[in-house]
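Participant: Mind looking over this structure? Questions follow.
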């Protein structure tokens, strides 16, 4: 959550703020208009967010306050190791409020997975106390099995969507392409891509084993459950090393921890006198000796809450299970507006070639002049400059870079925000430029024209000619992605979408 709120604080204003690429105020106004101009139960159900009840006159400040409040609260929990139901509920509401106005920037499976994990975390904690080792409030087995049910669905959903999706998963050839064509490769992926074919086939088989067979270890007793946890964590660590998949793999480790009991995790804690292990042992001895505790009204309430929680998870799991069994399975979908129980899946299909959209600007009066000099904008992490080393940023996440990967195998008509981005670069808006790694027109007059060029990218061969010249990538031009545009020509485009007309800062 710390990373998620940090990403939100650094990028939300540029993406969904007052002058964002897809302003969330406009989105909420459209939702309100659809429901006859009222903030009623239907509108709240469609987009559950506390922003409905706040003053929209300064949306940037609202987004900042929500992000900073979540960042401070989650950092407190992380640093102190103390949490209660109230704090966890606040964190869940804050992130739910951001996700439900984030539109395509927050449309990926790890957002729903974080919300579901956070919701489960509410019931893992005591109600009020902030003690690191609260007494009389041991985690309910219902909540522990809620986490195990989550990791089971994540893994099985990912495997089923692969087998039903791209044939390369059945032919054991998907890993021949994955390292090169994944959204944001890292330096290790550059070398992993050149592994021999038999190693890639072995990787694919291991993937199938981890995602299809290992999840059922959860139901085969304590030892096999621990083995499941170890294998899943190791699998996620390998994925973290070989790619920049946001905080997805870090997050997936969390429910795997529920596979371990106190004995198996004891080595992580100090045995010093007065430490956690000694205090836990004393609590357990007291319980084993039949120590009678005075009746506690809160304990009964908590039992009722835990049972109700279990029934809710079971009820909301019905459409998720039906989706898993369906031959037309969909992945990363929520069947309830609060995203409490969701269906998951990743890389149901693998792109076989990597294409990139490269944005270029020119100061030339005529964009069709063969002598026009076009200069390229580089993004924070996605491939662009052939000599720039692939980045390593996980668990941090650049949302614009990720969406540029999707835009590259779609059209600009399907991604109108990319034309919005071009307009903001033409105006040299500082907020938008903060999302970019380079501005070739820094300290100069803004470009007169921006265009999108479509290229096919491939890793250079380690030790080869291009690598010896310092190139990590080689590329070949496919053609234009969108034609040259200027600010004046985009005026009607902005008006038709009610977007604010870009103005130089």
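In case you wondered, yes, glycine gets a Cβ from its N, Cα and C as well.
From a predicted model like this one, the values you see are computed outputs, not experimental measurements.
Pasting the feature list from TrEMBL:
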| type | residues | note |
| --- | --- | --- |
| TRANSMEM | 62-79 | transmembrane segment |
| TRANSMEM | 86-106 | transmembrane segment |
| DOMAIN | 106-264 | domain 'Lipase maturation factor 1/2 N-terminal' |
| TRANSMEM | 197-218 | transmembrane segment |
| TRANSMEM | 225-241 | transmembrane segment |
| TRANSMEM | 304-325 | transmembrane segment |
| DOMAIN | 340-483 | domain 'Lipase maturation factor 1/2 C-terminal' |
Participant: Cβ under 8 Å to the transmembrane segment (304-325), counting only same-chain residues 6 or more beyond its ends: which ones?
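Facilitator: Long-range Cβ neighbours of the transmembrane segment (304-325): 123, 140, 142-143, 145-146, 149, 153, 156-157, 160, 333, 335-336, 340-343.
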Participant: With Cβ-Cβ distances below 8 Å as the criterion, list the same-chain residues six or more beyond the ends of the transmembrane segment (62-79) that contact it, or say none.
Facilitator: 1-2, 4-6, 8-9, 12-13, 16-17, 24, 50-51, 54-56, 87-88, 90-91, 94-95, 97-98
Participant: Please average pLDDT over the domain 'Lipase maturation factor 1/2 C-terminal' (340-483) for the predicted structure.
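Facilitator: Summing pLDDT over the domain 'Lipase maturation factor 1/2 C-terminal' (340-483) and dividing by its length gives 93.
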Participant: Per DSSP, what is the helix/strand/coil residue tally across the domain 'Lipase maturation factor 1/2 C-terminal' (340-483)?
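Facilitator: Across the domain 'Lipase maturation factor 1/2 C-terminal' (340-483), DSSP assigns the residues as follows: 32 helix, 37 strand, 75 coil.
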